[in-house]
Amino acid sequence: MPAQINPSILSADFARLADEAEAVGGADWLHVDVMDNHFVPNLTLGVPVVESLRKATGTPLDCHLMIEDPDRWAPAFVEAGAGSVTFHVEAAAAPVRLAREIRAKGARAAMALKPATAIEPYEDLLPELDMLLVMTVEPGFGGQAFLDIMLPKIRRTRELISRHGLDLWVQVDGGVSAETIERCAEAGADVFVAGSAVYGADDPARAVAALRAQADAAIARAPWACAH
Ligand code: DX5
Ligand code: ZN
């Protein structure tokens with residue numbers, strides 16, 4: 001499967017979200033960062049904004065919930081129109097029940113890992129999920145430097161998925177740019193969130209296409225994809 005590029009609207013102009021969605025019309029998904037100032041030290045947007053965005057764009061919405069108590073709030077984001085909902089395992093009280101609820105409501109279910117959270121304890125949960133998000137910065141802000149110490153975790157995550165014969169997507173988020181995307185793809189990522197690298201570019205749509213071309217080329221020569 002070709003690489004997917006998900007621009008993060010955290011780096012967009014929040015007063016012009018419909019235009020900013022349009023500006024990346026070739027994107028696979030729009031990445032929507034939901035922060036509650038408790039799970040992370042930043043506050044962004046909630047269900048009403050997702051509802052409005054859903055009506056304003058045909059691009060599917062990939063909601064990344066950086067909030068406490070996702071067990072309570074995640075279903076509302078599916079109802080608001082999210083096509084994919086990602087909860088943090090560090091915040092979820094019952095991740096299996098939550099993933100099943102997200103899927104039952106009709107969205108893809110994804111689980112995110114902060115940099116200090118290992119994937120191995122969650123091996124048995126993989127069949128319940130459609131995507132794993134390996135954070136490549138500490139969640140909370142756009143424009144941070146990529147943590148290359150996360151590359152081994154991306155590799156181990158992809159190995160676990162292959163060993164179980166599953167078809168999960170592996171998403172990376174944080175500091176993904178022309179300088180770092182190829183290393184992520186070679187390690188096992190196939191879904192790439194990019195905030196500043198897309199919305200900081202003169203031509204965001206062109207930035208999306210260029211990142212996708214780089215990632216596709218890197219996946220084509222990656223051992224994990226060849227064995228697939
Ligand atoms: C950070 C968010 C990211 C952020 C990425 O906590 O989850 O989605 O927007 O921004 P960049 O690509 O600028 O690092
Ligand atoms: Zn994010």
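Using N, Cα and C of the backbone, Cβ positions are placed for all residues, glycine too.
According to TrEMBL, the features are:
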BINDING   S8, H64, G140, F141, G142, G143, D173, G174, G175, G195, S196  substrate binding site
BINDING   H31, D33, H64, D173  divalent metal cation binding site
ACT_SITE  D33  active site, proton acceptor
ACT_SITE  D173  active site, proton donor
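A map of TrEMBL features onto the structure.
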residue : record                             : Cβ contacts under 8 Å, 6 or more apart
S8      : substrate binding site             : H31, V32, D33, G142, D173, V193, A194, G195, V198, Y199
H64     : divalent metal cation binding site : H31, V32, D33, V34, T86, A112, L133, D173, V193
G140    : substrate binding site             : M35, V40, P41, N42, M66
G175    : substrate binding site             : T136, V137, Q144, A145, F146, L147
S196    : substrate binding site             : S11, G142, G143, S177
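In the vicinity of ligand 2, defined as a Cβ distance under 6 Å, the following of the binding-site residues G142, D173, G175, S196 are placed: D173.
What surrounds the divalent metal cation site, by Cβ distance within 8 Å of the Cβ centroid and not counting H31, D33, H64, D173, is the set N6, S8, L10, V32, D62, C63, M66, T86, L133, V193, G195 from the same chain. For G142 (substrate binding site), the number of other Cβ atoms no farther than 10 Å from its own Cβ, over all displayed protein chains, is 22. Around D173 (substrate binding site), taking its Cβ as the centre, 27 other Cβ atoms fall within 10 Å, counting all chains. Other residues of the same chain near the substrate site, with their Cβ within 8 Å of the Cβ centroid of S8, H64, G140, F141, G142, G143, D173, G174, G175, G195, S196, are L10, S11, D33, V137, Q144, V193.
Taking each Cβ in turn and tallying the other Cβ atoms within 10 Å, the top scorer among the binding-site residues H31, D33 is H31. Binding-site extent for substrate: residues S8, H64, G140, F141, G142, G143, D173, G174, G175, G195, S196, maximum pairwise Cα distance 16 Å (rounded to the nearest whole number).
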